[in-house]
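Read the structure below first, then the notes.
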Amino acid sequence: VLIEKKFSIHQLYTMGESFFTSIGLYPMTPKFWARSLFKKPIDRNVVCHASAADMGYHDDYRVEICTEINDDYFYTVHHEMGHIEYYMAYSEKQPFAYRGGANSGFHEAIGDTIGMFAISPAHLIKLGFLDEENV
């Protein structure tokens, strides 16, 4: 569907941001948009394993994802942005040393839960990716 509708990589991320703000969470920061790596660069080698990072400042969060336009990356973008939301929730009230998850499994559970909501039939219908009568 994403390819049929000619979605861009940037649109995947703005859809993710819209999802989070629609449930009362934070919009991405200007530094997120300016400093994240959203697609594989052609001028150098990078690790293409999707990751999210809190750079240690209250407004500098980034993802590094060699995003492609497909269903898997739709999920991955939401998953990694879920990590960013977790970082933002703790950034204003906690020193950097206390901002990480108490357990990496919990952090992954947050990302996976968000990813599952993003690909739920109700959300895909809302986005116009599924017809309600076909679900």
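Glycine is treated like the rest: Cβ placed from N, Cα and C.
Because TrEMBL annotations are produced automatically, they should be read as predictions rather than curated entries.
Here the structure is a predicted model, which means the values were calculated and not measured.
Among GLU68, GLU92, GLU108, only GLU108 appears in TrEMBL as part of the Zn(2+) 2 site alongside HIS79, HIS83. If you draw a 10 Å sphere around the CB of GLU108 (Zn(2+) 2 binding site), it holds 14 other CB atoms from the protein chains shown.
According to its DSSP assignment, CYS66 (disulfide bond) is coil. Excluding HIS79, HIS83, GLU108 themselves, the residues of that chain whose CB lies within 8 A of the CB mean position for the Zn(2+) 2 site are, in sequence, ALA52, GLU80, GLY82, HIS107, ILE110, GLY111, ASP112, ILE114, GLY115. Cβ neighbours within 10 Å of HIS79 (Zn(2+) 2 binding site), excluding its own Cβ and spanning all shown chains: 24.
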